[in-house]
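To start, the structure itself, in structure tokens.
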Amino acid sequence: MATNLTSKSTINVLLLGATGSLGSRIFGSLLERPSVNVTVVVRSRDKMNRILYSTQHRSREGFKPSSPSPALKRKLSIIEGDATDSDLLARIMREKSIRVLVNAAGHAPMFAGRSSNSVSDGKDMASGSDNEVARIVRASVDAIEDVAKSAEVHTAETRVRGWFIGGMLLLDLPESDGGRAKQLAPEKAHSLDTYLPLYLHHRPLESILRSSKHLDWTLVCPAKMIPRPQRSKSSTSSAVPSADDARSVPLRAPSPTLVATADVPPRWSVWPVLRALPWGIGPVLEIMANSPRYTVTFEDVSEFIVDSIVGEHGLHQERERKQEHEQDQDVSRNDHERDPHVPGSVVGREEGERKEDEGVWINSKIGLIACSGRA
């Protein structure tokens, strides 16, 4: 379809998995935003068109089953192809000047076809033909690295912001601190799937993402997702931090629907009595007891991701305007008024560095719970 815009005020997003339960909702939320251009890669253009023209295409005024307007056609590109084809993804990223990649494609089955030992290495497991989730993430990372190699200069502008979907069992089991949930040091942390080995195909995702040098990623780790009940009204925002949880991150959004924290599930209930049980059965029982509270809706998760994308872009523009203003002030000064000992601004981030200020999760996995979830 029509080519996308390249204005600094526009966010060029590549969406994988746009025909799925979560991806179709992310797709609709992205199209609602006037500042967003969307490129989707799908196996079937016909299926994508049905989603586009059906009641699954939401708008703020309600459901719009009618044909897309010329304005919509200008901001949307549908490309038929395989999301595991890194060469295709790299070409699209170059042609469309993609700065944000959202991967909602391919969810793992509950029980993987391989043993837990076989998924310890992300790259090896990703090559397995039955692990489509990891193969798509690997292709995404390879495409980003390929595009970065061809860039003449590496700056914050050439980095790609990525949003990926995992599962709650990738989060770490909180430590018991007098009956309260407390995050363990990274070297001592154990993921929930260490104790409850389900959704094993999700295990390689974090290591694959960490292997990239040019990707600022967030691995969203929801538990069970269900459709939002018809009677529930859509909220204009999606997440709020938990004040009690480890590394809570503030999001400036009214009427939130989700609580989000990094690394550990928010509002986790610790049972010291269960932890004291022998043979490691305590954590398993604790996970099973907590899990039902973490059910969230597809709509809330999609709005959380899209709100974050747009919010981060706004923060980035705000910083750019501030820097331009400071540069204009510097030009008006004499050279002798400059302090040679004051370092200039640093562009980009070191590999693996995390950033969790102002509602931004960089290089981290995050857990979600509905605001109504009990503490």
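One is the number of the first residue shown, and numbering goes on along the chain from there.
A Cβ is built for glycine as well, from the same backbone N, Cα and C atoms used for every other residue.
Since this is a predicted model, take the numbers as computed values, not measurements.
Annotation comment: TrEMBL describes 232-242 as compositional bias 'Low complexity'. Annotation comment: TrEMBL describes 316-341 as compositional bias 'Basic and acidic residues'. Annotation comment: TrEMBL describes 13-107 as domain 'NAD-dependent epimerase/dehydratase'. Summarising the annotation, TrEMBL assigns region 'Disordered' to 228-251, 316-356.
Counting residue by residue with DSSP, the domain 'NAD-dependent epimerase/dehydratase' (13-107) contains 38 helix, 24 strand, 33 coil. Here the domain 'NAD-dependent epimerase/dehydratase' (13-107) has a mean pLDDT of 83 out of 100.
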